[in-house]
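K.L.:
Below, the features straight out of TrEMBL:
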COMPBIAS  490-500  compositional bias 'Basic residues'
DOMAIN    224-372  domain 'O-antigen ligase-related'
REGION    468-500  region 'Disordered'
TRANSMEM  44-64  transmembrane segment
TRANSMEM  76-97  transmembrane segment
TRANSMEM  103-121  transmembrane segment
TRANSMEM  133-152  transmembrane segment
TRANSMEM  196-213  transmembrane segment
TRANSMEM  218-233  transmembrane segment
TRANSMEM  239-255  transmembrane segment
TRANSMEM  267-288  transmembrane segment
TRANSMEM  364-383  transmembrane segment
TRANSMEM  395-414  transmembrane segment
TRANSMEM  420-436  transmembrane segment
Amino acid sequence: MSLQKRSWSLLPYLLILLLISLPWQLRFIIPSTFTYYFGLFHEYTSFFIYLTDLIFALTLLVWGGELSSGKRKFKLPPPLISLALIAILASSLAPIFHTTSQALVIYKTIKLTEFILFFFLISNRILPLSKMIFWFAIGVIGQAVLAVIQFFQQSSVGLKYLGEIFLQPQLPGIAKFETAQGLVMRAYGTLPHPNVLAGFLVIALLFSLIFLLKPGKYFVSLTLAVFLPALLVSFSRHAWLGLALALFILVILLRKKLGNLIKQQELLLLVPPLLTLILMLSLIFPVLNQRLDLVQFPQEEAVQGRWNGIADSFQLLRQENNWLIGVGPGNFTLRSAVIAEKDLYPWERQPVHNFFLLIWSEQGILGLVSFLLLLGAILAGIWQKKLKQPLELQILLSTTVIALFILSLFDHYLVDIQQGALLFWLTLGLIVASWHKNMVAELSQPVLPTIPSLAELFPAKSKAKKQAASEAIAKGTQQKHGDKPQANKNKQKKKKQRKR
């Protein structure tokens, strides 16, 4: 194939569009038996086609065409990861004859297959790692700005065509908490819940720190300045914990290298994020103080709901062979409704808020072990000696896995919500994409335009100044050298006069 034919491809542009649109919730509902629960819509037993599904399908079609034509090569992940992925798919289908809704099992298995293909797309480096992170972060920046507007407006802003749901603090099912000032609604973005928004912000923020290793560090300043205030108004406490722990470990392990990552002349880049963070804290401090009230924390409805979900999970695992093969993907809420002591509204009937308990409950012990094997293989792969990766990159990616693990301990959206699952598989795909022999060279190349110097901003004036300076130096040199012969002549005249 000629170089001319290889010079342009639609695939990178489709991937950029996909990365930017990951947080969008625009979707079409496919009606089914379990779409409504007591006459009200139920999120976790419904079937959807998302806009991101359509974009991904087109991306996959173009990628498949380039693979079949030999324009690109497909690279499988390491054997242990491939084995874990096969086992995860097998565990998803295993309970199909031992489940309440076989249709949900088939639908969720199709979705899982889509997410694994998305993982392959990312890990095959259609774009360099830093460019994928850049475009993902750009999409999340839009979510962060929208989230701050939603919080101060305490309502949605009307972006329903991008998936924003109708938001008012008085509406049932909307995430909010009570304060002395009244009900306070948490920020959503275009995502289905503030916790999902917070997950995107945490992962995007940590991945953006890779630009500390590259030219164009001002992008880190921008992301921190935008993401941190948005993370505050999400009021997602487990996301705060995950980010705080990840950053603490990062600083401890890199304390001797921080001077190399952020040079003295670059310390000004910390000013914008510090200013936006301090400003936001000052504006929401009374509300924030009540959200962090440890006395009221155990009695909160959300906390009680989590404990009830854990109890339901263990009760399901003890029934029949559920611990072995699970109740089937998407079937947790259907089965837990049977054992519940009281009827709940659809927004109250949720899966257990723990990634690993939900996987075990729905996909059995094989699913749980397979996911643990996958995460372990990813974490071990970061530290492969043969790759000779920079220590800073290895530590940064490891802390991102730690943050993902913390998020998974306190919520279920990484399994059963479209955007959350895409975030989970994107994170793993980006980490595997970093296992590349040219990674060191890539880190030395700028992805972003560097901040121009004064000479670049005012080239005409700079050239004139340089020319004037060079002329002055040349003139001075000529005068200096030109005075010497005259001085010698004067000396010779004086000597002749003395002789006479």
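Just so you know, glycine gets a Cβ as well, placed from its N, Cα and C.
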K.L.:
Where else in the chain does the transmembrane segment (267-288) make close Cβ contacts, counting only residues six or more beyond its ends and a cut-off under 8 Å?
P.N.:
179-181, 184, 217-218, 220-222, 224-226, 228-229, 232-233, 235
K.L.:
Quick check: do the transmembrane segment (133-152) and the transmembrane segment (395-414) share at least 3 Cβ pairs under 8 Å, counting only pairs 6+ apart in sequence?
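P.N.:
As far as Cβ distances go (cut-off 8 Å, pairs 6 or more apart), the transmembrane segment (133-152) and the transmembrane segment (395-414) do not touch.
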K.L.:
Who are the long-range neighbours of the transmembrane segment (218-233) in its own chain, taking Cβ under 8 Å and residues 6 or more past its ends?
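P.N.:
Those are 134, 137, 140-141, 143-145, 147-148, 150-151, 186-187, 189, 197-198, 201-202, 204-205, 208-209, 211-212, 239-240, 243, 269-270, 272-273, 275-277, 279-281, 284, 288, 448, 451, in sequence order.
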K.L.:
Considering only Cβ pairs under 8 Å, which range in 76-97, 103-121, 239-255, 420-436 makes the most contacts with the transmembrane segment (364-383)?
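P.N.:
Most Cβ pairs under 8 Å with the transmembrane segment (364-383) come from 76-97.
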K.L.:
Please determine whether the transmembrane segment (103-121) and the transmembrane segment (395-414) are in contact (criterion: at least three Cβ-Cβ distances under 8 Å, sequence separation 6 or more).
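P.N.:
Contact criterion not met.
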K.L.:
Which range wins on Cβ pairs under 8 Å with the transmembrane segment (196-213): 44-64, 76-97, 239-255, 395-414, 420-436?
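P.N.:
Checked against 44-64, 76-97, 239-255, 395-414, 420-436; highest Cβ contact count belongs to 395-414.
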K.L.:
Looking only at residues six or more beyond either end of the transmembrane segment (239-255), which have a C-beta under 8 A from one in the stretch?
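P.N.:
Result: 195, 198-199, 201-202, 205-206, 209, 231, 261, 392, 395-396, 399-400, 402-404, 406-407.
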K.L.:
Summarise the model's confidence over the domain 'O-antigen ligase-related' (224-372) as a mean pLDDT value.
P.N.:
88
